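Below is one structure, written out as structure tokens, with a few remarks after it.
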Amino acid sequence: MVKITILSPEGRSCSVWSLKNEIEKLGAKCDIFLLSSPENLMSHDFKLETDLIHSRCGIGDYFDRLTLYSWQFINALEVEGCRFINPIKTLYLTSDKFKCIKLLAKNKIKTPKTALIRDYEDAVKFIEKYNLRFPVVIKNSFSKCGLKVFMARNYDELKQLTKNAIWEGKLIQEFIDFKENDLYRDMRILVVDGEVVGGYRRVSRDFRTNLYLGNVVEKLNIDEELEELALKCADLSEAVILGVDILPTKDNYYVIELNSSPGTKGFRDIGINADKKIAEALVRYAKS
């Protein structure tokens, strides 16, 4: 019997437990390894006996501070020869929003104009260089779940939001207005092992549409253009499992973010068993 281990910071997400259930239905053993457990210690001789690791962790903000602990933990497991799906290079890419934007833009995928900034002066320089108007978006490059993402509507707000930018990995980004009839509706498409599983639109009165913030979903009809876009993103990021977040406008689709550990609640809400698709892929790779 193959064994798959899911790495999770605290195990609060229902997606983690739903995925474990689907893996076990396929006859594989599945453990959830909680990085927050007081019983665990990553020492020099620590080993994790498993056939495959699926990490729900990366570099990110937890409790308003940037932590590298989960990333160092993953790197230590790599030294032991552990196999990961998604690959570690994909985990790093999707954790770093700026690197991700750079890769997409280099490969002719439309993204909002974005800059990595050190301070307020960099932010002003960016606005002037691209002749942008307010509002603009300020976000932390390693933020999660829509947290630490803000809108600056004028220079005073911009100055406040760019304090300590160089220490916090802050980005400034062109604001893409994707509002429809007073509501913001972006898109999340899931790709698993080269197949588009499905997608939904996240509906919000705020430009931050993350489900973590309490927003709702509606089913997305995926046309050929969207399917090709999602598959290209998965190919570029070398991802087996990927959530592709897209801002739709009248004329274009803008890819805003890639997620290598996408939540599956939104898919369950529209009747798609994404956990089963992910579980099938993980079991295949664990057996290979």
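From the backbone N, Cα and C atoms, a Cβ is placed for every residue, glycine too.
A quick note: this is a predicted structure, and the numbers were derived from the prediction, not measured.
Pulled from Swiss-Prot, these are the features on record:
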{"type": "BINDING", "residues": "K139, 173-186, R202", "note": "ATP binding site"}
{"type": "BINDING", "residues": "D245, E257", "note": "Mn(2+) 1 binding site"}
{"type": "BINDING", "residues": "E257, N259", "note": "Mn(2+) 2 binding site"}
{"type": "DOMAIN", "residues": "101-287", "note": "domain 'ATP-grasp'"}
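Of all the binding-site residues in the list D245, E257, N259, the shortest Cα-Cα distance to E180 (ATP binding site) is found for D245. In this structure the alpha carbons, written CA, of N259 (Mn(2+) 2 binding site) and E174 (ATP binding site) are 20 Å apart. Less than 8 angstroms from the CB of E174 (ATP binding site) sit P112, K113, T114, Y130, L132, V136, V137, each of them six or more residues away in the same chain. Note: the Cα of I176 (ATP binding site) and the Cα of D245 (Mn(2+) 1 binding site) are spaced 13 Å from each other. A straight line from the CA of D245 (Mn(2+) 1 binding site) to the CA of D186 (ATP binding site) spans 7 Å. Classification of F178 (ATP binding site) by DSSP places it in coil, neither helical nor stranded. Separation of the C-alpha atoms of F178 (ATP binding site) and E257 (Mn(2+) 1 binding site): 15 Å, rounded to the nearest whole number.
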